[in-house]
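Below is one structure, written out as structure tokens; comments come after it.
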Amino acid sequence: MVVGVISDIAKSFDMSIAIVGYLVTAFALVYAVSTPFITIFTSQYNRFKVLLTLMVVFIIGNTLGALASNYAILIVSRVMTAMVAGSIISLIMTFATTIAPMNKRAGLISWLYSGFSIASIIGIPIGTTISTNYGWRNAFWLVSVVAIMTFIALIFILPRDTKQVKSTLLGQLTLLKDSRIYVGVFAILGSAAAIYGYYTYIRPILTDTLGFSLGMLNILLFALGITSIIGNQLSGRIADKSGITKMPQIFIFEMFLLLIMPFALNLKSTGLIVLLVVGVVTSLLGAPMQVHFLGVAEKDYPQSLVLASSLSSIFFNFGISLGSATAAALLGIIGLQNISFIAFGYALLTFVLLVVLNKILKRNPVRESH
């Protein structure tokens, strides 16, 4: 949501969009750092009760953002919500994957990722509209209301008890020593940095660079959200059919798109087409990598299943932090139109890591997950 209201927050506090863009960086960094610690610490307790407790913290933190009188308080609000958001997502992912039959897992994971995209499709345009017409604080209030509704729904939907394998801290962290895991998580990090190397500033790209009106902004953000849903659904099919073996070829295409983006942005039509296609392509890694992590954990590290389910979101947010920070630091040097060159560099790194990971899997394959 913050991505869609950065410009309005900047005006409210009389700050540059580059500085306010660090809200995205701060959230992602805290999310990535705190999630593994909270996930491991709470793994000894009932998942249902832990999830509801974390939801309460999220609601309080987001409401603080709506009440923030200055940038510092807004940062504190984002830190509070970031601290628990990752564990909330990993617990929901764990509930879903432990309940679902094995042959439905890839499809379910792709729908979960699609759910996040649907939330963005609805949330970002609505948040942007509310921010533009009624102030950005009301956009935060909307999130708090939705979070409260989600809290109530979880009480009625989720089982109170699920099978949990007890383990020590070191026992759970053993998962991270596996090359199939640590190469994979850095690939996730690189892919997220590639996305947010340009997407952090998608609103000014659409309005300032391409020249679309504020009235068109919500329609365009909606369209970009649709591409993410399409990408996530294709991601589930890729996870079922070929896993991560085809991902290096996909990243070659992504790098091509990021290279031509600055030139495409000279025209509204070509710029929008490239942004829409990139929106599909950048969503393709999610389900194959999530299925990969869960497969490794189930086969060799069952005590680390919740941690494994959180790895994608943890390192994706490290990547968001890295990509958005790099973009903020270099925005004044290379300019908004050339911002995708930053994304290209991270996409190239991800391509190399995926090639390495596929070589590792030839020597040490993961049990099929369907």
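Here the Cβ of each residue, glycine as well, is placed from N, Cα and C on the backbone.
Nobody curates TrEMBL annotations by hand; they come from automatic prediction.
According to TrEMBL:
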- 1-363: domain 'Major facilitator superfamily (MFS) profile' (DOMAIN)
- 15-38: transmembrane segment (TRANSMEM)
- 50-69: transmembrane segment (TRANSMEM)
- 75-96: transmembrane segment (TRANSMEM)
- 108-127: transmembrane segment (TRANSMEM)
- 139-158: transmembrane segment (TRANSMEM)
- 179-199: transmembrane segment (TRANSMEM)
- 211-230: transmembrane segment (TRANSMEM)
- 250-267: transmembrane segment (TRANSMEM)
- 273-293: transmembrane segment (TRANSMEM)
- 305-333: transmembrane segment (TRANSMEM)
- 339-357: transmembrane segment (TRANSMEM)
Selected stretch (most C-beta pairs under 8 A with the transmembrane segment (139-158)) from 50-69, 75-96, 179-199, 305-333: 50-69
Could you give the mean pLDDT over the domain 'Major facilitator superfamily (MFS) profile' (1-363), rounded to a whole number? 86
